Every structure is written in C-alpha cells, then in structure tokens.
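Reproduced below are the annotations present in Swiss-Prot:
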BINDING   Leu15, Gly16, Ser17, Gly18, Ser19, Phe20, Gly21, Glu22, Ile23, Lys38  ATP binding site
ACT_SITE  Asp128  active site, proton acceptor
REGION    299-335  region 'Disordered'
COMPBIAS  324-335  compositional bias 'Basic and acidic residues'
COMPBIAS  349-382  compositional bias 'Polar residues'
REGION    349-447  region 'Disordered'
COMPBIAS  383-393  compositional bias 'Low complexity'
COMPBIAS  421-440  compositional bias 'Polar residues'
Amino acid sequence: MDRVVGGKFKLGRKLGSGSFGEIFLGVNVQTGEEVAVKLEPLRARHPQLHYESKLYMLLQGGTGIPHLKWFGVEGEFNCMVIDLLGPSMEEFFNYCSRSFSLKTVLMLADQMINRVEYMHVKGFLHRDIKPDNFLMGLGRKANQVYIIDYGLAKKYRDLQTHKHIPYRENKNLTGTARYASVNTHLGIEQSRRDDLESLGYLLMYFLRGSLPWQGLRAGTKKQKYDKISEKKRLTPVEVLCKNFPPEFTSYFLYVRSLRFEDKPDYSYLKRLFRDLFIREGYQFDYVFDWTILRYPQFGSSSSSNSKPRPTLRPAMNIPVPSADKAEKPPIGQDSRERFSGVFEAYTRRNGSGTGVQADQSSRPRTSENVLASKDTQNQERPNSLSRNLSSSRKAIAGSSVRATSSADFTENRLSRLIPNNDRSSTTLRTQFAPSSSSVATKAAPTRAARDITLQSLELLSIGNSKRK
C-alpha cells in the first residue's frame, strides 16, 4: 500500500538523498498535481526542515519564491511537500556547454537581483548565492527565475525596529567558497552587500565559463578556502571582468564600496544592466540560450548572442573546473535517472500549450520597464497567513545539504514509511540539485542525460503568441 503524507500526497519514487534525509516524487491524489516530498528524521542531529518551512512562510507571496504545500510530522519523519520547479541554472549552464551569452546573462541578472532584493526587504540574507539555487519555473512560469534553498538564510534586521545585526569578525565561512564575498572569506559577518557580491561572481561565472579561483588544489578544506580567498583578493575586478562590458566592473566597484549596514541601491544595479541590454539592441523576448539550442530559428530574430554560440557537444566532454570540494566522478546511469524525472515534468507542464510568462503579465512597451518585474509590488504586499508555499526537488535537496547536518537516515527506518519504494539509488545528488555541501559542484551530465534534455525540451512552448 502506498504511503500518503499530509492526508493527500502519495509518495512515489525516490529522487535523491543526503545527510538531511531523502526526497521523493509525490502526487496530490485529489488534483493529480505532482509535488516533491522531503523527509527528515525526527532524530536528526541538526534538524532544519521546520526552520526552512518557516522561511518559506515568511517569504511567501513574492515573485519567484517557491510555495510550500504542507509541512508536518508523519511517523518518524518531518515532512515538507513542495511544488516541482524546472532545471537549475547550473543544469542549464551545462546544457549550454558551460557558456551563456550576454543577452541571457542580462535577462537572468535582472530577475536575480529582484529575488535577492525581495529577501532583503523581508529582513533576510540568503548567504548561499550560487547557480544551483536559482531555478526556472514550469508551465506558464517557465521563464520566471526562482530563488530557493533557505537553509543558510539569516535574519539581518528586526522587521519592527529595523535594527541591524551587529558587526562581527572571526566568523566561519557560511555558504559556497567559490561565490563567497571577500569579506566573508575574511571572517566578517555577512550583510546585504555580500549577497550582491556573490551574485556578481555568479554572473561572471556564466559569462566566463569559470572563475579564476576554481581548480586550486590544497590538502585540507581550510587550506583550499585560504587559497580561494587569496586568489579572489588578488584578482582586480578589472581583470575579472576583462573583455566584458564595463557595467560588470561598475557593479563590483559599487557593491564592494558598501559599508556593513548600508542599504544597496538595487535600482542602480538593475539600471546598469538594463541600459546595457537596450544599448546592445536586445529584445526582452525570453529567448534564452537553451531555447536557441533547441529552436535555432529564434536566434536570428531575437538578437540573442553577443558572441557565437559554442557547438553543442556531449557534456561529458566538457571540461568542468574542480569544485571547492573533491569532485565526484561521472555517475553514468545515475545521471540519466537524475535528469529523467525533472524533464518528464518539464515536458508535461511546458508542452501543455498554455504558454509561458516571466515577471510581467504583459510584454514591456517602453525601454524603462523593458526588464521590470512585479517584485517591487510584491515587496510591499503584506504576508498572507496561509501555508501555501512551493519549491522544487532541488530546493528541498539543496537547502538542507549543509556540512553541519549529519542525520542518520537508515534504509530500515525509511522502509517502514515507504515499504514498496525502490531504494536502489544511494547517490547524494538529486535532480537539478547539489546534494553535497554548499561548496560542492556537480559533474557535467552524460550524453544520455543531454539526449533526455533535448527530447524533453521539444514540447516547450515558446511561440510569441503564447507570451503575455
């Protein structure tokens, strides 16, 4: 007999696992909606699922914020039921041969800045900005960027008094070393400026294909972090952003000039990239690089590329810079399984003929609002008390895989909850989610995974008539 959690969510096959517990595909038996179900043992050494669910509730209502369906205790487990989302930026990056065009980066940057700003308005720092923590939506939200993984989020000010947390030093590094700010490496308490600096590194990673401090070798994690910190501090932003528009240098110079408690001028940062977008003659048509790879005819009409796209080749042949931890070897069949579930959902939801939408409910008509979103309005909207939150399989996996979490999630305990489920997969990686700690990176997908990607994207609705 299949197990049901929350009274209506039937558990299916396992999607992934980690020190936090395991993630399963689920379905709402009343509506047929597919969901992701995250299970955490009640006796976990560092339980965090309850904390994460509270973050979802506090952030609910914002554009690009996933929605939680249900949270509660079922048997020996904390359970969180979340909507499925599409692939992560890291997965799309691999799909695009680890290189994004300037147009794609600028379209993503505008939404990503909005997401970070929204979290800050709500009083929280994300503290783990990286490609794996930004996902695309499904169906009518297929071109909307979602920010996920609130396991390391921290409240930086009191929402009533607006009192900022105090400046501190000698802090351990929290987040992912590759994208951490210089001040974070130096042990300084993080604030809003650090999320934005991390986002800048993310954008340059997309443009360059890698960052100068990737692939450094060291004997211990501390030595590795020290080497990354030194290389990052000794790399001038002008060198980091060389051969790319000066707006990226301006971005770094601004965010690094902010003091600990300063409120960033998010509008200035978005305006930098919006003006560049217009000057390059791009159209905000939601035609991303991954769209062009599947539908080349859209490339000629969208002015999508500031440079020739690399030839699509098997991802296993793409050199992937070493992670901030030891890289995992390619996993063959596991990679096929890792991709299949998400693309099944991606195909079904995006091939329904409903079209896709991003932040705007209608196509922009003026240059001023060509990249604008509804985030500003959502930031002023009061929180609803309903527990209607959502995330992806990756959200649940990535948000909880922290180095400090080491719950013993045994197969015997799991079998009592889901006696008939296939538990053959023991990999710590899940669909479109890093399941190692925040400082890990994923191996490039296999040729089989790429084939699944191509097949599933065939039904993606991208016609202009479908965009509203």
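Cβ coordinates come from backbone N, Cα and C, glycine included.
These figures come from a predicted structure and were not determined experimentally.
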Please report the Cα separation of Gly21 (ATP binding site) and Asp128 (active site, proton acceptor) in Å, rounded to an integer.
20
At the Cα level, what's the spacing in Å between Ile23 (ATP binding site) and Asp128 (active site, proton acceptor), rounded?
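Here the two Cα atoms are 21 Å apart.
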Using a 10 Å radius around its CB, how many other CB atoms surround the residue listed as 'active site, proton acceptor'?
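For the residue listed as 'active site, proton acceptor', the count of other Cβ atoms within 10 Å is 24.
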Between Leu15 (ATP binding site) and Asp128 (active site, proton acceptor), what is the CA-CA distance rounded to a whole number of Å?
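Cα-Cα, rounded: 23 Å.
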